[in-house]
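If you look up TrEMBL, you'll see 10-43, 75-98, 112-154, 166-181, 251-267 marked as compositional bias 'Polar residues'. As annotated by TrEMBL, compositional bias 'Pro residues' applies to 212-231. Here TrEMBL flags 232-245 as compositional bias 'Low complexity'. What TrEMBL lists as domain 'Zinc finger Sec23/Sec24-type' is 433-469. Summarising the annotation, TrEMBL assigns domain 'Sec23/Sec24 trunk' to 506-743. What TrEMBL records for 749-833 is domain 'Sec23/Sec24 beta-sandwich'. Annotation source TrEMBL lists domain 'Sec23/Sec24 helical' at 844-944. According to TrEMBL, the feature domain 'Gelsolin-like' maps to 970-1040. Among the features that TrEMBL reports, region 'Disordered' is placed at 1-43, 75-317.
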Amino acid sequence: MAQPGRPAYGTQNGAEQPQPYSNGPVQSPVMNSSHLSDGQAFNSWVPGVYSQQTTTKNPLHTSAGLYNYGSSQQVSSFSNYQGPGQTLNRPPTGSSMAAIQPRPVAQMPAPLQNSAAVSTSSGSFPSGVNFPAPSNWQYGQTPLNRPTAGSQANHFAHPAAAMQPLLSSSGNTNQPTSYHYVSSPGGPPVQNSYTKPGSVPLPFNQPTYTPIRPPLGPPPASIQPSAPPSAPLASIASQAAQNSATKQEGDASSTASDGSLVQNNYDTIEGGGFSATTHTPSAPPNLKTNRHVGSTYPSLPPGYQNASPLGAPRMSSPGMQYSCGPQQFPQPGMGTNNLAASMGGLSLHQEGLRSINLLQDRNILPATPLQAPVPNLHEDIQKLNCNPELFRCTLTNIPQTQALLNKAKLPLGLLLHPFKDLSQLPVVTSSTIVRCRSCRTYINPFVSFLDQRRWKCNLCYRVNDVPEEFMYNPVTRVYGEPHKRPEVQNATIEFMAPSEYMLRPPQPPVYLFVFDVSHNAIETGYLNTVCKTLLDNLDLLPGNTRTKIGFITFDSTIHFYSLQEGLSQPQMLIVSDIEDVFIPMPENLLVNLNESKELIQDLLRTLPQMFTNSLETQSALGPALQAAFKLMSPTGGRISVFQTQLPSVGVGALKPREEPNQKASAKDIHLTPSTDFYKKLALDCSGQQVAVDLFLLSGQYSDLASLGCISRYSAGSVYYYQSYHHQQNPPLVEKLQKELKRYLTRKIGFEAVMRIRCTKGLSIHTFHGNFFVRSTDLLSLPNVNPDAGYAVQMSVEESLTDMQVVCFQSALLYTSSKGERRIRVHTLCLPVVNQLSDVYMGADVQAIIGLLANMAVDRSVSASLNDARDALVNAVIDSLSAYRSSVLTIQQPGLMAPFSLRLFPLYVLALLKQKAFQTGTNTRLDDRIFTMCQVKNQPLVYLMLMMHPALYRIDNLTDEGALNISDRTIPQPPILQLSVEKINRDGAYLMDAGSVMFLWIGKNCGQNFINHVLGVPNYASITHNMAHLPELDTTESSRVLAFISWLREQRPFFPTLYIIRDENPWKPIFLQNMIEDRTESALSYYEFLLHIQQQVNK
């Protein structure tokens, strides 16, 4: 254990760090449930043995995900449409909202080929009901068909959670306490870190001078919010009986010595929502309390009251740094006299008040990457806030009521990148993790300290005791300053979880590789690349001495490989009965990586040649996945499946649904799966902590709509390499090699769950991403990786009138590859506003478009592609119409938009032109489905690049304004509009579209660039298949290569580079990404603006 006050350093996955609960040869002793608290108990298990969990059942709350299987949805009104994302049916938490009538569907002009008639899939509506399907969303509607109930908190109080014993927040003062503060590198950062390049983070024990934390204080201590009502005991008992029968979905429980329920599942270990066990006095009737963030301890320093007058303009800093390191911000007090001082930081951004006529100001694309808006908080509070790369809200000014949100016609939601690689991450090891006893919120920078011994939760406002050991700050080695501890100084922090956060001993890292070895697969040559990459990175797989690995190959039969220690060579075991798959010699198929490394290396060297002469063309993917699941289910882990064709035999066999000569048109596309086999198997995998990652390498239709379910519902990922061939497509070979190396060596979290909490009065109702909703709002993530993003939709359930700020907190509980149970917590604080103009001013247009893209994917599946397209267009029309009618005081001609939404129409048009939503017959169905998978699973920063590429001119790069990173000079050319108007024939232009890059060479490009960068004598010498830039000893070459390398380093996938000229086969795709130009099936940007103006002025 690290001594108090002494920082220790290691990786985010726990390398070279103390392992207080490591899973070595000696396991934790069996604990009696009567001695446990808050989900610590087990029904029964033996140390060192992984209990066999029951296979998962169908979800108790049927929630249609990305791929809907015709299960009936209860739809009361289309004005309440939420999309088929995994939606929660929560009890109402406030008064019922007024019904909102859907607006008429605004149809697009002929070039968009949108039809007003929408054919809906069977099973989408109750029998006998025929609703018209409007194409606009009603944001933030209450979930459908809720049981009537009184006012409750935003998180549904499960019967289990309502009765659960609360973890003691006072802790055991007699226990030895160790603190472990780590500023961990955790591998190469994929994106920009929290600190400026070249800056050095301050040591924890180094005193620094920093501004005083602004006064945002708590409500008066004598007034407590009323406790949420308890659920009826009868319903609790009946629900508990039902849950015990469905352990995977429900809340299996045992009884503690005090007679209360002790929970045995992740839902309770992580902690439920607002519990019904609060015993705080109610506030007097008709008395409003001001709820703030901040502290009344210690007292406010003299002279701070005059910080800034109310309504004064605040200087916004686009380059605001979101430090993840410890910030020494004393928490000054907050009283009613200081309210004006605190609200001075909540004044309006002057830039955000400006209106723009989009028809006149068409050159509005910024020349540098668009930054996330800075929330209108006091600067010192904002410095404590969560980095927007990790946690981002569509509205940085939260509307006070649902009515105000509805009036704005903007979606309210969150976009998360919770497991992102970080260059700095404080890691805390303590025997007590301080959490609210009511809502289970983790202590964070936005709680209020009433005095040394009490703190007020910033989500439910309960007053909690400060544990004795939390009084000591090991950073400053001072007793009595709990508000200066790292937990209260960092919005992003990671805890080393004690044993009560474990359902079983932490699982070992287990990796199973499943290879398609049919004739078609061998022809592609992918096995050589995969086996060589795996062989080169075998020692870099995340793990420790317990790491296990196994291999399965399949064609029409299934082949297992015994790697038992002592064998001279790997032994193949063939199972030909694919109708009833069994596991031969299961103890020798998953072996310890270190103990059997030589056998594993031998297998990887010989595997590509073993099936060279195979003529077997059948593919039994379904039975192979069943075998892999049976092999992995005792421990959990990761299955990596490589598939090259449509599964043809055994369970899960599929038939072609796309004619080769008739590519996916808008009227007849198959976005839903043809079988529920892969979804059901994915749910079984999720129940046993197994995730499945799918690598599809196919030139033919492979029904990704069906196959993708195996990854979507097991929290896996999908990788698609269209027309992969080791000789005919060399760029894809390099792409697979680079991305597979990243996949194999990046950090990984096992048996994870994630819960998102928010301030009382707000409610989360729909989730987007790859996961399974285990119980109401607990996301099951058998694997979590640093490249996965998630999104949620929210609504305002209760008026936020008496609040100045609201907070959101995500908690990710996972097992690291080193066998440590960890909790990564992110907390975001945003101001509350009561003016419609303020809501628009705080709109985050990138987050809005990211959330709308997720909603549009769901709408495409549940209704139709045209319906989703119309809904996207109506999202622009509705918001700009509301702005014109309710905010603008002087009606002006043209199309007026607030400055914050100036790019909204452009981004929506870009989304309509992407493969996921474009019309026409030039899009392959698997391409469309894969793009939809990316929308649902990619973090926002990568999604924006894929949707709206960046265009640079690179034949005239200079060092002016360049970045200096690690002794490298990185040019920073301006970003150009995506229009051929911006392209000259005498230049060279780089288009960065995320997963692919295009270098377009003009016909009259300068000879200097062609010679010194491309390395060819003249323009005619540029070949059609040129995909690499040579490393030349010229200044021009070094600048171009440095810029392209820098762009590639900022993302987890490897973008292929295609060098194109006239008559190049890639030229149509390059021109397709010119968003502002007219295409065969979509309007130009100016035509689109005219259409929007026509609809807005109706």
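Cβ coordinates come from backbone N, Cα and C, glycine included.
No curator has checked TrEMBL annotations; they are predicted automatically.
Stretch with the most C-beta contacts under 8 angstroms to the domain 'Zinc finger Sec23/Sec24-type' (433-469), considering only 749-833, 844-944, 970-1040: 749-833. Taking every listed stretch (749-833, 844-944, 970-1040) in turn, the largest tally of C-beta pairs under 8 A with the domain 'Sec23/Sec24 trunk' (506-743) is reached by 749-833. Residues in the domain 'Sec23/Sec24 beta-sandwich' (749-833) partition by DSSP class (helix H, G, I; strand E, B; coil) as 0 helix, 61 strand, 24 coil. Taken through DSSP, the domain 'Sec23/Sec24 helical' (844-944) splits into 70 helix, 4 strand, 27 coil. The average pLDDT computed for the domain 'Sec23/Sec24 helical' (844-944) is 93. Per DSSP, the secondary structure of the domain 'Zinc finger Sec23/Sec24-type' (433-469) breaks down as 2 helix, 12 strand, 23 coil.
Summarised by DSSP class, the composition of the domain 'Gelsolin-like' (970-1040) is 20 helix, 13 strand, 38 coil.
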